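Listed in TrEMBL:
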ACT_SITE  K45  active site, proton acceptor
MOD_RES   K45  N6-(pyridoxal phosphate)lysine
BINDING   R143, M331  substrate binding site
DOMAIN    262-390  domain 'Alanine racemase C-terminal'
ACT_SITE  Y283  active site, proton acceptor
Amino acid sequence: MNSPKAQPVLEPQSRVQVDLSVFGQNVRTLKRLIPSDTRFCAVVKANAYGHGGIQCAKTALENGSHFLAVARISEAVAMRDAGITAPILLLGEALPEQVSFLATHDIRASVADIQTAKALSAAAQALNTRLNIHLKLDTGMGRLGFLHPGVVTPKYGEAAGIRQAGDIADLKGLRVEGAYTHFAKADVIDKTHAKGQLTRFNDMVAMLADMGIRPEIRHAANSAAVLELPEAHFDMVRPGVAMYGMAPSHEVDITRHKLAPVMSITAKVIYVKAVPENFSVSYGCTHVTTTPTVIATVPIGYADGYSRLLSNQGQMLVKGKKAPIAGRVTMDFTMIDVGHIPGVKPGDDVIILGPQGNERISADDIAGLTGTINYEVTTGLTGRMPLSYL
Ligand SMILES: *Cc1c(COP(=O)(O)O)cnc(C)c1O
C-alpha cells in the first residue's frame, strides 16, 4: 500500500517529431555544395522554422556550421542562455535602446543605418569591448539595408544610401566583420533578378573598400542560391529552408540533392464512430455523408497551427492509407473519414505530416491546399503540440 508508485507518463495525443539525424545530414549535404573555406551560417530563426531552435542550432554546429542566424534578439538571447557560444548573427535590426543586449550577449548586429551603428559603438565602449557587426545591403529585396546610389532618391533616401556607411568605419568599438545582402528572387528558374542583385552587391562591396571598409565575410546566399547560384557563395552562405528538407519553391528541385524532410506530425485517433448516410460532421454541417461510413476524430486543430483552410480539403494517413478530412477543422479536433480503412480504433497512429507506408503528406501538399508556402506550414505551428526529437 505504501510502495512508491511510478508517475504515470502522460503521452501527448499529438506531437511534432523532428529527426535531428536527418537534419544533420542535410547540413552536411549542403556543406558539400560550397567551397571548403566558405563558412556555413545555419538560419535557425522562428524556432528553426518550427523544428526547435536550440536543438537545431546545436545539431547544425555539431555538423560543421560555423555561424547561426536568427531574426529576433529574444531568439539570440535564448541561444546564449542555452549555452551556445558560436557566433550568432541577428538578421533583424535592433532599435538603439536595445543594442546593449547585443553587447552583453555577444550577438552580431546587422547594421543598415548610422544611428544603430552609433548606439552600438556607445554600448561597446561602455563595456570596454569591441563588437563585430555586419552591414546589410539592400540590392533588390526592398526590406532592410543600405541602398545602392543608383536608387537613392536625394529627397528622401540619403540617410539610407551606402555612402552613409563610410562614417561607420570611424566609430570606436566596432569592427565591420561582414557585409551581406538577401535575394528576393533566387528561387525561380529565371535568375535575372538575382544576378542583378549580385552585380549591385559586388559594386557596393567595392564602394565600401573605397571608404576603407573591407569586411572579412561577404555573404548573400539563401537556400536557393546555395543550391543554384554558386557565384553567390562568397565567404559564407545562409541556408534555412533546405536544411529542414523543404524546397525554397516549386522551381527549385531539392530531391536531386538528397535533402530529406526533417519534421513529421503525428497523432493518435481519440474517437471512432460508425455513422449513417446523410450524417453531418462538424461546425456549419459542411460535410454530409452520402453513404454509411466511419468517422475518426484526431486531436489537432487550428489552435495547433493546422489551418482551418484544410476543412473538407486535406488528408491524413491511417494504416498507410489516405483519409480525407470531413467537415471543418475546429480549434482542437479534426474529423477524418476512415470508412474505406478497416479496423480503425482509438489509439491508432495518424500521420498529419510525413510518411506512412507508401504514402506521404508533405508541407508542400498542405501549403498547396491552403494557398501558402511550406515555410508557413512549419513555422505556423503554435507550440501546443510538444516537439520530440529522434
Ligand atoms: C530567412 C533568411 C535566410 C534563409 O532563407 P531560406 O530561403 O530559408 O534559405 C537567409 N537570409 C536572410 C536574411 C533571411 O531572412
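Glycine is treated like the rest: Cβ placed from N, Cα and C.
Because the structure is a prediction, the values reported are computed rather than measured.
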M331 (substrate binding site) to Y283 (active site, proton acceptor) - Cα separation in whole Å: 11
For K45 (active site, proton acceptor), the number of other Cβ atoms found within 10 Å of its own Cβ: 19
K45 (active site, proton acceptor) versus R143 (substrate binding site) - Cα distance in angstrom: 17
Nearest-integer angstrom distance between the alpha carbons (Cα) of Y283 (active site, proton acceptor) and K45 (active site, proton acceptor): 36
Secondary structure composition of the domain 'Alanine racemase C-terminal' (262-390) [DSSP: H/G/I, E/B, coil]: 23 helix, 48 strand, 58 coil
